[in-house]
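Enquirer: Relevant sequence annotations retrieved from TrEMBL are reproduced here:
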- 33-52: transmembrane segment (TRANSMEM)
- 116-138: transmembrane segment (TRANSMEM)
- 315-336: transmembrane segment (TRANSMEM)
- 356-377: transmembrane segment (TRANSMEM)
- 398-419: transmembrane segment (TRANSMEM)
- 499-520: transmembrane segment (TRANSMEM)
Amino acid sequence: RRIWYGIATAHDLEAHDGMTEENLYQKIFASHFGHLAVIFLWTAGNLFHVAWQGNFEKWVTNPLKVKPIAHAIWDPHFGESAIKAFSKGNTYPVNITYSGVYQWWYTIGFRTNQELYTGAIGLLILSSVLLFAGWVHLQPKFRPSLSWFKNNESRLNHHLSGLLGVSSLAWTGHTVHVAIPESRGQHVGWDNFLTTPPHPAGLAPFFSGNWTVYAENPDSAKHVYGTAEGAGTAILTFLGGFHPQTQSLWLSDMAHHHLAIAVVFIIAGHMYRTNFGIGHSMKEILDAHRPPGGRLGAGHVGLFETITNSLHMQLGLALAALGVATSLTAQHMYSITPYAFLSKDFTTEAALYTHHQYIAGFLMVGAFAHGAIFFVRDYDPQLNKNNVLARMLEHKEAIISHLSWASLFLGFHTLGLYIHNDTVVAFGQPEKQILFEPLFAEYIQAASGKAVYEFNTLLSSSTSPATVAGSQLWLPGWLDAINDSKNDLFLKIGPGDFLVHHAIALGLHVTTLILVKGALDARGSK
C-alpha cells in the first residue's frame with residue numbers, strides 16, 4: 001500500500017508532509033524545469049532518430065516525391081520471411097513519418113544529417129542545464145519566497161518582454177540569418193554566420209532609418225526554393241499570399257511578423273508598475289473594469305486577489321488560453337501553411353490537424369476541471385460579491401439551459417439529416433434525400449478568391465475593385481494557390497462538410513455543456 005500510495009500522490013503536492021503554501025509554490029516552480037527538460041529531451045529524440053534512421057538528406061533533394069522516413073521498425077514479427085515478402089531487395093522495414101518534422105526542419109534551414117545531430121546534442125545540453133536549474137531551485141538558498149511568486153506585475157513584465165519578446169526577436173534573427181539564406185541556396189552554419197550578412201546593404205539602412213530597403217527585391221514568382229534561381233534579397237516583407245512553388249507563407253513575411261511581435265511584446269513588458277512609480281497597476285485596471293450604470297454588477301472587482309491566491313484558477317486560465325491557441329494552430333497549419341511543401345502532403349496535414357485538436361480538447365477539459373476545483377475550494381463569496389464570477393454563478397440556469405437547447409438542436413438536426421438520407425438511400429429512393437449546401441461558407445471562400453463556386457464576388461470576380469487593386473499591390477500567388485487542386489489550402493467544400501461541421505459543433509456544444517454544468521454546479525446545484 002505504501003508504494004502505491006506514494007506513486008498515486010506523487011503529484012498531489014498539497015497532500016505531502018510538512019507542506020506550507022510557500023513550500024507548495026516552490027515545489028511547483030522547481031517541477032517546471034523538469035517538465036521543460038523532458039520536452040527538450042523528446043525533441044532531441046526526434047532529431048536524433050531521423051538523423052540516424054531517416055532519409056532527410058535524400059528527402060531534401062526532392063521533397064514532393066521522396067517519402068520521409070520516421071525510423072526503422074525493430075519488431076520480431078518482421079523476420080527474414082516477412083522482409084522477403086514485403087520489401088524490395090531485402091531492405092529493412094521503416095515507418096513513414098506523417099508528423100511534418102521534415103518540412104519543418106527544411107523550412108527553418110536544416111539540410112544535412114550532421115545538422116540534425118548537432119541540434120539533438122544542443123537540445124540535450126539544454127535539457128541537462130534545465131535539470132540542474134530544477135535541482136538548484138530546490139536548495140534553500142535558491143528557493144524564491146511566497147511574495148516573489150505573488151508579485152504579478154514583475155512576473156508579467158518579465159514574461160512579456162523576456163519570454164515572448166526576446167524569444168520572438170531571436171526567432172526573427174534565426175529566420176533572417178539562417179532560414180532565408182538557406183531558402184536561397186546559401187548555406188549559413190556555425191562556421192560562417194558571423195561573416196555572412198543576410199542583406200547586401202548590411203546594417204546601414206537600419207541605422208539610417210531607411211528600413212524599406214529590407215523589403216525591396218523579394219523572391220520572384222519563379223524562385224526555386226532552396227536555390228539562388230529567381231531569389232531576391234528582401235528579408236522583411238509584407239507580400240501576403242504564398243510562395244508559388246512551396247505553397248507556404250513567404251519566409252520574409254514570417255520574419256517580419258515575428259519582428260513586429262517582438263517589438264510589441266518588448267514594449268508591453270514595460271507596461272506594469274513594479275518598484276518604480278510608473279506604469280499600470282493590475283489591481284487598479286481590474287477594479288476599474290465595471291459596467292457603466294452599475295446595473296450589471298461590480299465587474300472585475302475582487303478578481304485580482306481571487307486569482308492571485310488561487311493556483312487552480314491560474315492553472316485553469318492558462319490551460320484555457322493554451323487550449324484555444326492549440327486549436328487555432330490546428331486550423332492555421334493547413335489553411336495558411338507556414339512550412340515548405342507541407343500543404344501538398346494531405347496525410348500529414350490531416351494528422352497534424354487531428355493531433356492539435358485532440359491536444360486542444362485535453363487542455364480545455366483540464367481548464368474546466370481546475371475551474372471547478374477553484375469554485376469548490378478557493379472561491380470566496382464575500383470577496384467576489386456581485387462581480388463577474390458571482391453573477392455567472394447566479395444565472396447559471398440560463399447558461400446551462402441555453403447550452404442544452406443548442407446541443408439538442410444540433411443533435412436532432414445533424415443526426416436527423418443523416419438518418420433520413422441514409423434511410424431513403426437504403427430503400428432505393430435516393431431522389432428523396434434532403435439537399436443542402438454550405439452557402440455562407442462557400443461565399444466566404446469565393447470572396448477570398450475561390451473560383452469553383454462561380455459566385456463572382458470580390459476576389460473571385462475578375463472585374464471587382466478588390467481584384468484590380470489586389471493584383472497590383474499584394475498577394476502574389478494567392479489566387480493560384482487557393483485554386484490549385486493539388487494542395488489543401490481552401491479545400492472545396494460541399495454538403496458532406498456542412499453535415500460534418502454541424503456534427504463537430506454538436507460534439508463541442510455537448511462537451512461544453514458537460515464541462516460548464518460541472519464547473520458551475522460544483523458548489524451545489526441549487
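Placement of Cβ uses the backbone N, Cα and C atoms for every residue, glycine included.
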Enquirer: Among the recorded stretches 33-52, 116-138, 356-377, 499-520, which has the greatest number of Cβ pairs closer than 8 Å to the transmembrane segment (315-336)?
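Expert: Stretch with the highest Cβ contact count: 356-377.
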Enquirer: Cβ under 8 Å, sequence separation of at least 6 from the ends of the transmembrane segment (116-138): give me the contacting residues as numbers and ranges.
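Expert: Residues packing against the transmembrane segment (116-138) from afar: 26-27, 29-34, 36-38, 40-41, 43-45, 47-48, 50-51, 56, 105, 110, 144, 190.
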Enquirer: Residues sitting near the transmembrane segment (356-377): Cβ under 8 Å, six or more positions beyond its termini, same chain?
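Expert: Sequence-distant neighbours of the transmembrane segment (356-377): 310, 312-313, 315-317, 319-320, 322-324, 326-327, 329-330, 333, 393, 511, 515-516, 518-520, 522-523.
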